[in-house]
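> Here it is: the structure, laid out below.
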């Protein structure tokens, strides 16, 4: 154990909230804004891709992506994200948070543009190119998870740290909404410029050639917010905790934080030698780590895994659920651009009424309720609302009851975000030692993306009707039973949350056992 706390770290923990904290939230948050836009905008355009590249005018229904293609287009970015979380999480602890942070943003910008420029002479060629670039887009997005969370946790003071990290993650909600708004605006503009009949009225004329530009514009638009924040990311100094505890340069850490906090912080050269450096004597796979943080890692990985099965199933396949409960008309009754417009409008409404408020409720209440109770409550309410959708499912699908279904469905999003979708991101950035913080957050996030992949691929097949699946799909268990399965995963998440430690109001060094609690009291007198 350490002999006390470094001056620069105690100053950070006690610092008053000031302009630099808000700048850090915006800079890190815009990365998550872009991440959410890029990950979820694909769900808006998959039906349009099916119409553009797989329509057969001799059939009574418009084209749709074949099952394997739909799964690949939807899930390939998640696979890249999982790999990126593991790689950049590890790299963030080895090379520093800041030095890796800019590279992830460049990768996201380049691959987002390249996704929109996907080329090929055949449908298979275009989709293959799109999948290639979306994998590497996901790889860059993956790096943003551990780096943004770690940077924000290491900059923040201990009183408002949870709210600051939650605010960074809350930008994801605005990214989802922005994706829907962009799709709405682009589809509305093209509908006005190139009017077309519905598919049932004229198969060929319902799909205007210009529709091929629409999905490309939507995918590429995500580069704008990312590119705007690159300069500010590069201006951020390395976090004091990395510089002092891992790079072992307390004087430099004090100098960096003196500039941004507009105060004088003194630190002796030899002072860092008396402070424990988390994980230097033992690594991730050591007995010491297993003894101190083994249950913590089990808790953060399992809860994020279970949460993302449900969360990504809901998000990526909203359009399919809305169609099957009758909130969006049958595809053949619309032209290609009208279908995109209606899907975007539905997603925007859910984001505005359920998703975004949930994130900001977490920001407002996390330092009052704590991480543990928000996560328990969120999982419990998600379970309850999923059962509320599943048990009377046939009631919700009958005419006149669709609005009730959407309201209940919106509440599951609200309590996902005012609950485990936020806290599973926050807790891993707080409870692990500095030397392993980014790595362990990356592992936890990657477990979540493994759940997201199961949700993305599994729900696509599982939700198929037991008697009349869509063309090309095997029989599934139906949406009703799929909702029961998601309710079960949420309940398991609530059980595993019992292993999650409460980190509210504590210094990072105390939570991670780098400094003893009584030593913190000496460092931060009441």
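Quick reminder: no glycine exception, Cβ is built from N, Cα and C everywhere.
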> Would you please say which range out of 295-313, 314-332, 504-522 has the annotation transmembrane segment in TrEMBL?
295-313
> Out of 100-119, 295-313, 346-366, which stretch touches the transmembrane segment (20-49) the most, going by CB pairs under 8 Å?
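Per the Cβ count, the answer is 100-119.
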> Which residues of the chain, 6 or more past the ends of the transmembrane segment (100-119), have a CB below 8 A from one of its CBs?
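Beyond its ends, the transmembrane segment (100-119) has Cβ neighbours at 31, 34-35, 38, 84, 88, 91-92, 125-127, 129-130, 133-134, 136-137, 139-141, 143-144, 147, 151, 215-220, 222-223, 226-227, 229-230, 233-234, 236.
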> Restricting to the same chain and to residues at least six past its boundaries, which positions have a Cβ under 8 Å from a Cβ of the transmembrane segment (125-143)?
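Long-range Cβ neighbours of the transmembrane segment (125-143): 34-35, 38-39, 42, 49, 53, 69, 72-73, 76-89, 91-92, 100, 103-108, 111-112, 114-115, 118-119, 442, 445-446, 449.
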